[in-house]
Amino acid sequence: MLIPEPILAHFPWLSLSIFFPIVGALIVPFIPDKGEGKEVRWYALIIALITFLITVAAYFKGFDPSQEGLQLYEKVSWLPDLGLTWSVGADGLSMPLILLTSFITSLAVLAAWPVSYKPKLFFFLILAMDGGQIAVFAVQDMLLFFLAWELELFPVYLFLAIWGGKKRQYAATKFIIYTAGSSLFILLAGLAMGFFQGGGMPDFGYTHLAQQNFGKGFQLLCYSGLLIAFGVKLPIVPLHTWLPDAHGEATAPVHMLLAGILLKMGGYALLRFNAQLLPDAHAQFAPLLIVLGVVNIIYAALTSFAQRNLKRKIAYSSISHMGFVLIGIGSFSSLGTSGAMLQMVSHGLIGASLFFLVGATYDRTHTLQLDEMGGIGQNMRIMFALWTACAFASLALPGMSGFISELMVFVGFVTDEVYTLPFRIVVASLAAIGVILTPIYLLSMLREIFFGKENAKLISKAKLVDAEPREIYIIACLLVPIIGIGLYPKIMTDTYISSIDGLVKRDLLAVERIRSDQTTIISNSNLSIGTIEAPLLD
């Protein structure tokens, strides 16, 4: 071997994976271009692929899945007078999502091949967003997290405002108002936690914050603000309305970034900050997360069923599936929380595949209205096969990743003895409604697109060519891990199970403290303690 293993293990892989695509983006304006954008497309693809290979190398050369603690850690003094340091690292919560980010971005660059309007700006934004999103999962400082969180807002805003559909300005403005406005809660909570001790220099590092003995009232206040901020990004109903509008106007590669990566930032942040750094507040808020998860599943599934616009139908389907992430995070079992983590990875792959196919179908039919489609299966048989495979993955067909992740959440929550049995039965029964609705609206969607009576006007005007090799390759790259995880989930769960176990143990200790307090209150007053805490009493 040319490079010794110790050097590879201590190589700054994460910093390289963050700055390489950002520096690559800065070079994009200087790429020679003959007017067709061919050169910049290949350049962006090479940069994105190298970034993906860097994250893969980080996993295999510097990351041990059996270890619970932080790995690949780098810390450099940045602005010491303000208590700011450049610190990055990875554990089981972040490493799978770092890999997912670089993988989806590489495919999004390939999906953006047909972009001809301002291609340099488009690929500049994709590469810059790649580095920013990896930073969200890799940084170990709350102020750095806030900066990385904000960095990805502007590329998405420009994607929507410049390359979006007819209502692009409305969708872009709504996106920036929701996400930038809610980000203020992250900044306020981060400053409050960093300055908690008072007197000395603030410390915003995750490790330092996890060791602080925050008061319960302080935790509840910070938890509430962070829940709003991360709930917008997840999204949680009723903070979700920006997402259908954004998806309704976005192009295929932007769809892939939104569904594949952006929504996962909210789920990751709930685990990293709310569950890990604020355990006492999480023990009290967890039942609310469960209820919100059920609302997400049922409301979004019913709304998706009623949608006649293809993009909005898939957008609401995404919101429904993210409800399982909320239930898993709200559970106090390693199996349930592990299922939430797997659901984020699974949905990232499945959501990216479905939205890419939506874009590919629109490029041919020039319509998103299901009422205007029908009977195109005879002309696009390979496209129909790709749609069918991805729809089956979304409806959680056994043997695919969606099935095992949702099953883990269900079983983990139902067997979680922290909650009372009646509460578990009611939640499981209601969530099952969403599981039943999903195949109904997805299979009916396939029927309306590909079967039934042909729309003569559509058939005569549209270029109904079948899937091209580039499109087949993108879907194949997404289906391989979807099926691989579905058949052998340990390949993914082993990556983060040690970190999940440590997180759940910390939260269970908080549950015991809450139970002790509740027992004291009940013995003294013999009164109900309220609906949020009641499910904790078993």
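Each position is counted from 1, following the chain as shown.
Each Cβ is built from the backbone N, Cα and C atoms, and glycine gets one as well.
Residues annotated as transmembrane segment in Swiss-Prot: 11-31 (among others).
Within the chain carrying the transmembrane segment (95-115), a Cβ under 8 angstroms from the stretch's Cβ atoms is held by residues 14, 17, 21, 37, 41, 44-45, 48-49, 51-52, 54-56, 58-59, 63, 65, 122-123, 126, 129-130, 133-134, 137-138, 163, 251-254, 256-257, 260-261, 264, 268, 341, 344-345, 348-349, 352, 356, 359, 363, 470, 473-474, 477-478, 492, 495-496, all 6 or more beyond its ends. Look at Swiss-Prot and you will find 95-115 (among others) tagged as transmembrane segment.
As annotated by Swiss-Prot, transmembrane segment applies to 119-139 (among others). If one looks beyond the transmembrane segment (119-139) by at least 6 residues along the same chain, the residues whose Cβ comes under 8 Å of a Cβ in the stretch are 14, 17-22, 24-26, 28-29, 31, 33, 37, 40-41, 43-44, 47-48, 51, 55, 87-90, 94, 97-98, 101-102, 105, 108-109, 112, 145, 148-149, 151-152, 155-156, 158-159, 162-163, 253, 257, 261-262, 265, 268.
Remote same-chain partners of the transmembrane segment (175-195), defined as residues 6 or more beyond its termini with a Cβ less than 8 Å from a stretch Cβ, comprise 83, 142-143, 145-146, 149-150, 153, 156-157, 160, 202-204, 209, 212, 214, 218, 221-222, 225-226, 228-229, 231-233, 239, 241-242, 245-246, 273, 277. The transmembrane segment annotation in Swiss-Prot covers 175-195 (among others).
The transmembrane segment annotation in Swiss-Prot covers 217-237 (among others) and rests on sequence analysis.
The transmembrane segment annotation in Swiss-Prot covers 251-271 (among others) and rests on sequence analysis.
Residues or ranges marked as transmembrane segment in Swiss-Prot: 285-305 (among others).
Remote same-chain residues near the transmembrane segment (314-334) are listed as 234-237, 240, 243-244, 247-248, 259, 263, 267, 270-271, 274-275, 286-290, 292-301, 303-304, 307, 340-341, 343-344, 347, 350-351, 354-355, 358, 394, 402, 405-406, 408-409, 412-413, 415-416, 418-419, 427, 431, 434, 438, 441-442, 497, 500-501, 504, 507-508, 511 (criterion: CB distance under 8 Å, separation of at least six residues from the stretch ends). The transmembrane segment feature in Swiss-Prot is assigned to 314-334 (among others); the stated evidence is sequence analysis.
Taken from Swiss-Prot, the feature transmembrane segment applies to 340-360 (among others), supported by sequence analysis.
Under the heading transmembrane segment, Swiss-Prot lists 382-404 (among others), citing sequence analysis as support.
The transmembrane segment feature in Swiss-Prot is assigned to 425-445 (among others).
Annotated transmembrane segment per Swiss-Prot: 472-492 (among others), in sequence order.
When Cβ distances are compared across the two stretches, the transmembrane segment (382-404) makes no contact with the transmembrane segment (285-305), since fewer than 3 pairs at least 6 residues apart fall below 8 angstroms. Proximity of the transmembrane segment (472-492) to the transmembrane segment (340-360) is established through 3 or more Cβ-Cβ distances under 8 Å for residue pairs spaced 6 or more apart.
Below 8 angstroms of C-beta separation, residues 220, 223, 227, 231, 236-237, 240, 270, 274, 313-320, 322-327, 329-332, 413, 419, 423, 427, 430-431, 433-435, 437-438, 440-441, 507, 532-536 of the same chain, each at least six residues beyond the ends of the transmembrane segment (285-305), sit close to that stretch.
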